[in-house]
Amino acid sequence: MTVFRQENVDDYYDTGEELGSGQFAVVKKCREKSTGLQYAAKFIKKRRTKSSRRGVSREDIEREVSILKEIRHPNVITLHEVYENKTDVILILELVAGGELFDFLAEKESLTEEEATEFLKQILSGVYYLHSLQIAHFDLKPENIMLLDRNVPKPRIKIIDFGLAHKIDFGNEFKNIFGTPEFVAPEIVNYEPLGLEADMWSIGVITYILLSGASPFLGDTKQETLANVSAVNYDFEEEFFRNTSTLAKDFIRRLLVKDPKKRMTIQDSLQHPWIKPKDTQQALSRKASAVNMEKFKKFAARKKWKQSVRLISLCQRLSRSFLSRSNMSVARSDDTLDEEDSFVMKAIIHAINDDNVPGLQHLLGSLSSYDVNQPNKHGTPPLLIAAGCGNIQMLQLLIKRGSRIDVQDKGGSNAIYWASRHGHVDTLKFLNENKCPLDVKDKSGETALHVAARYGHADVVQLLCSFGSNPDFQDKEEETPLHCAAWHGYYSVAKALCEVGCNVNIKNREGETPLLTASARGYHDIVECLAEHGADLNASDKDGHIALHLAVRRCQMEVIKTLLGHGSFVDFQDRHGNTPLHVACKDGSAPIVVALCEASCNLDISNKYGRTPLHLAANNGILDVVRYLCLMGANVEALTSDGKTAEDLAKAEQHEHVAGLLARLRKDTHRGLFIQQLRPTQNLQPRIKLKLFGHSGSGKSTLVESLKCGLLRSFFRRRRPRLSSTNSTRFPPSPLAAKPTVSVSINNLYPGCENVSVRSRSMMFEPGLTKGMLEVFVAPSHHLHCSTDDQSTKAIDIQNAYLNGVGDFSVWEFSGNPVYFCCYDYFAANDPTSIHIIVFSLEEPYEIQLNQVIFWLSFLKSLVPVEEPIAFGGKLKNPLRVVLVATHADIMNIPRPAGGEFGYDKDTSLLKEIRNRFGNDLHVSNKLFVLDAGASGSKDIKVLRNHLQEIRSQIVSGCSPMTHLCEKIISTLPSWRKLNGPNQLMSLQQFVYDVQDQLNPLASEDDLRRIAQQLHSTGEINIMQSETVQDVLLLDPRWLCTNVLGKLLSVETPRALHHYRGRYTMEDIQRLVPDSDVEELLQILDAMDICARDLSSGTMVDIPALIKTDSLQRSWADEEDEVMVYGGVRIVPVEHLTPFPCGIFHKVQVNLCRWIHQQSAEGDADIRLWVSGCRIANRGAELLVLLVNHGQGIEVQVRGLETEKIKCCLLLDSVCSTIETVMATTLPGLLTVKHYLSPQQLREHHEPVMVYQPRDFFRAQTLKESSLTNTMGGYKESFSSITCFGCHDVYSQASLGMDIHASDLSLLTRRKLSRLLDPPDPMGKDWCLLAMNLGLPDMVAKHNVNNRASRDFLPSPVHALLQEWTSYPESTVGILISKLRELGRRDAADFLLKASSVFKINLDGNGQEAYASSCNSGTSYNSISSVVSRRDSHAWTPLYDL
């Protein structure tokens, strides 16, 4: 449902005189306070209920507003704003003050056809615009054709009143009967499908009247008029058309055609010779012909007085009928009165509904003998209708005219009842003051208090009770008003009735109290209120059920908690002897069973059939409930009335799993042991994980060995020999001896990264695709990631170790070789109870040290998803604990005082930089540990040990204590690993089954999930979770992380077929990991995005991480491509221009391989991979995906034939969606954005290529431009050519930059805004002032946290503010940026300029859609496909056929 502005319109506009009114709308002149400009305010009365006939339905109002928002034309009225209050929707419209066109023309002495056509052209122009948008007005008539200003030389026409207008969907048939009889088309009268043609008929009628002063189809009655229309019964009478030209008659004749298909269209009308003469003779003929002004003036006058004359005539006839009533026969009297009363009553009711007091007063003044107490055909007198509408002036008028205050409708309801039903407090006060009876019952026994309670009017209930209304009256079903409130869930009403002292324990005909009713229907707040006001919690209905029974039966958990909290008797038995626990066990609701047992219910009560709750659960085969009852001590040997145990019942119903469980629990000693195993012990968790990250050669392995050394062992420990730099790539040459700014370790990460600066640099110009970062590859063998070192860590080395002076750890050492990085996302940041050590070498220059640390911290940060709801300041509840360690302090001769610690002069600046970037995302220790990793007995190592021990103690104290079952599982795991054979993977469901089957049958799935999480925390197992891998347990992490991945991805593995392209057969994989089930292994590797299986090529497997070749073409040849279109994007991180975490591009390549394998069933698609890119060919379109800018961006370039723009759009969008999905799932904490490449430079193969950033588009939009300047080429490029290859069909359905709805802002973007704007600003430039600027002052009081003690984990007020504000359709990114700038928060505005999407396809052609962003940025494939599917000029090939 569309939400309009909820502010009080009077705060923004001064309302003046009434300009006009209709059945359900009043138009008043108004002035905008801020600008002084005048507008017209149209107050549309809303329909309160769907069944009501008073007011306009919400759907009709929204349709009118939607159409008005869409149209902008000089000859059509313009919508300014829309407000809404409780009763009305207020449209602020352009003020059209010139009056009706026909009134203006009637004042003229003469009028030629040429002059008339000038006005008609304006009408046609407006209708042409509407029809071009597929909008049909359906109510074109003289009253709706106005002049903007009649006092100018050439008045401008405005078409108004779009209440009946519809957007025509040619795919769906539309029929309706509406409009003014004189002007409706035959298809409306005949209830045939309607379209734009209906407006053309109306234009024909208007033209006929304009030229002649006569109406072509007007009859004496409405039925005669409609009959004339249907028969097209008209002619050009000489009296009226003697001076009319032949062309004018031909124009009318072509419009008044019964068959809509043969009727002139708006385009035909504009080209008709009468409107657009083809030669001089036609023009002169038009100028010589004249409008019949005599008749036209009479028509205008007749129209003005027509309604008044009819009313007077009818009123006179009515008066005469009253005077002669006594002289008429009964039958005659009834007939006449029925007919005439129907008319008068309709007029009265219309006046009441329209709040037209003067009109009703005038009407009743003309009907001096009319009895205003007589009811309408539904049995309702006018006074009651007026009471329902709430107009006190109307009531005063009716009472003055003789209405009885105690009049009733045919159902026995009086005015108090009607006013109460509709919630009119002031009306009730008026009626009470005028002695209207208060507690009158209608035919169903209901009073006004009943109906007020049923409709939820708490203020009315309070008022009626204050008048003295009896709150305990019962209707014919013996229900009180409190029953009504409890049934419908109106808490405020129930509270009001309780506070006035009503009897809360009255029962209805079914024996239900209000408490029973509220409990059954789940209204826990009402249950709470009733309990606090003395409701009997154990009152029962006719079946002996108390409230707790009914709540359990309906699974109303909140109600159950409330009843138990107030002391409801948990063991109450109904007439069948069933307690609430019996009901819960029969229905199988485990959470409710748990709640009842925690309330100390009796587990072994038998019902009338001798069955306990355990019998019912076993009989129904509900294993979880049976297990829990047994755990809580239920008697498994209890017998039913016919001598059967629960086990017997389970066997009889063939519930073998339940019977087996009960059989194992026959002996109490066994059950006691099982129960004891599940209880927490005093033992703390024995071990947590210690994870080490760092580049190759940073000293991770050496540091681990040193930490393991005890004092005595450290004296005898021999330092590992340092190999010569000329013989080993693990220890690169000293930076002083080689290039001063080049780090081999950073080269291991990305070729060319030696030039990466820690500060953000411009991405405006980039090196060519065949130069720069890829020049480092002379031959595959020269790539450092192919080097071999027997001492280097393979994949992830895992060992359980005791670190001397610290404690037990599961140590996970992550290799610094980039070939392994594609598997780290599943293991690096999946446990907040781990300690993460980032190790870097002081041998590197400071800039490289900082880059290395930032790289690993960015990796960890990117792996942590956004938590919802976003906390105050965007903080995380459990940030990862990180320790920074700098090694090789001895080699670099870092100064150290005698017996002291190393003193690194850059530690303060490094820590400051790290905290600025990662302080909100990671818990980084305040100290940088500078040490010699091999000196196990040094003070520096000791200080590090103390710090690790302190962190370990904090983490372990927050972990759950161990249970005997967890310890038992740990001792059993080795045998399970051995039994599991070649693969150590197990589903959680299988794990639960095995534990229950072999170790403890009473352990529930929830128990075992907690234990599995604890085992995961200790490093015994690893729980693998992602969108593709869910609840998979890795029983032996070493098997996968060290053995399988270490062998599969290692550069030491034997060469296999196509190894240079990373392409293997199943047999190759089997040879690499001979001890594994290759089929199952590939399934998990495929799910981890390490490989992609190509089923279309037999049993081939792509593993991009193993690709060695870099000799493939990485750009398009410099050839003549005059008929080709080019385009592309670059996906980059938003906040810091750092390399993407390594391994992500391998995953992108895997997903593109998988995508192409799915597309190429017929062999039409092809993909070629190399180290830092891939090339895709797909039926006339080609695509390059490249890792560029030293790993800081992923570039997607597309080219295709000029005639295949749609294919290019689809291909680019699909690949970008694939990449963004990989980013969002693999690195959920990384915010990315798309930059756009210059299509002209791509076409010219010009390097470097211009890169357009979001702020470039926003700046151009602000300047009202639709193109961007390529400063390199010296020319401009249009938005459409940059974003969608110049494809008009796609571009026309898109929103651009500032016009994109703000709800598309991702969670990561919102979290960043929370960090910027949540903290109080000394100058007040924070979220509070932003809320005021956005027109949401109520949010300030609602979310103000200044008075609260702690802000650590309060919800973010900025997030709440954006959620509220983005629910409005006019909330765009551009408005938000402008509001932030007005606030003085340029930092937040600049961030949005960097992070916002540039181009978004709108699914809804009318404008807004249900906004839901599923990616970090960009458009979705589905949206562009939907645009393509609506094109009916070509049959586009689906993407999978491209």
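Yeah, the Cβs are placed from backbone N, Cα and C, and that goes for glycine too.
According to Swiss-Prot, the ATP binding site annotation covers Leu19, Gly20, Ser21, Gly22, Gln23, Phe24, Ala25, Val26, Val27, Lys42, on the basis of sequence analysis. Around Val27 (ATP binding site), taking its Cβ as the centre, 21 other Cβ atoms fall within 10 Å, counting all chains.
Listed in sequence order, Asp161, Gly163, Leu164, Ala165, Phe178, Gly179, Thr180, Phe183, Ser202 are the same-chain residues six or more apart from Asp139 (active site, proton acceptor) with CB atoms under 8 A from its CB. Sequence annotations record features per position, and here Swiss-Prot assigns active site, proton acceptor to Asp139.
As annotated by Swiss-Prot, region 'Calmodulin-binding' applies to 267-334, with the evidence given as similarity to another entry.
The feature region 'Autoinhibitory domain' is assigned by Swiss-Prot to 292-301.
Counted with DSSP, the repeat 'ANK 5' (510-539) comes out as 17 helix, 0 strand, 13 coil. Look at Swiss-Prot and you will find 510-539 tagged as repeat 'ANK 5', backed by a curator's inference.
Per Swiss-Prot, repeat 'ANK 6' is recorded for 543-572. As a summary of secondary structure, the repeat 'ANK 6' (543-572) carries 16 helix, 0 strand, 14 coil according to DSSP.
Around Leu19 (ATP binding site), a 10 Å sphere centred on its CB holds 16 further CB atoms from the protein chains shown. Within the same chain, residues at least 6 positions away in sequence whose Cβ sits under 8 Å from that of Gln23 (ATP binding site) are His350, Asn353, Asp354. Tertiary neighbourhood of the repeat 'ANK 6' (543-572): same-chain residues 513, 515-516, 518-524, 527-528, 531, 537, 578-581, 583-584, 587, 589, 591-592, 595-596, 599-602, 605, selected by CB-CB distance under 8 Å and a gap of 6+ residues from either end. Taking the centroid of the Cβ atoms of Leu19, Gly20, Ser21, Gly22, Gln23, Phe24, Ala25, Val26, Val27, Lys42 as the ATP site, the other same-chain residues with Cβ within 8 Å of it are Phe43, Ile44. Taking every pair among Leu19, Gly20, Ser21, Gly22, Gln23, Phe24, Ala25, Val26, Val27, Lys42, the residues recorded as binding ATP, the greatest CA to CA distance is 14 Å. Per-residue pLDDT, averaged along the region 'Autoinhibitory domain' (292-301), amounts to 64 for this model.
The binding-site residues considered are Ser21, Ala25; of these, Ser21 has the fewest other C-beta atoms within 10 angstroms of its C-beta.
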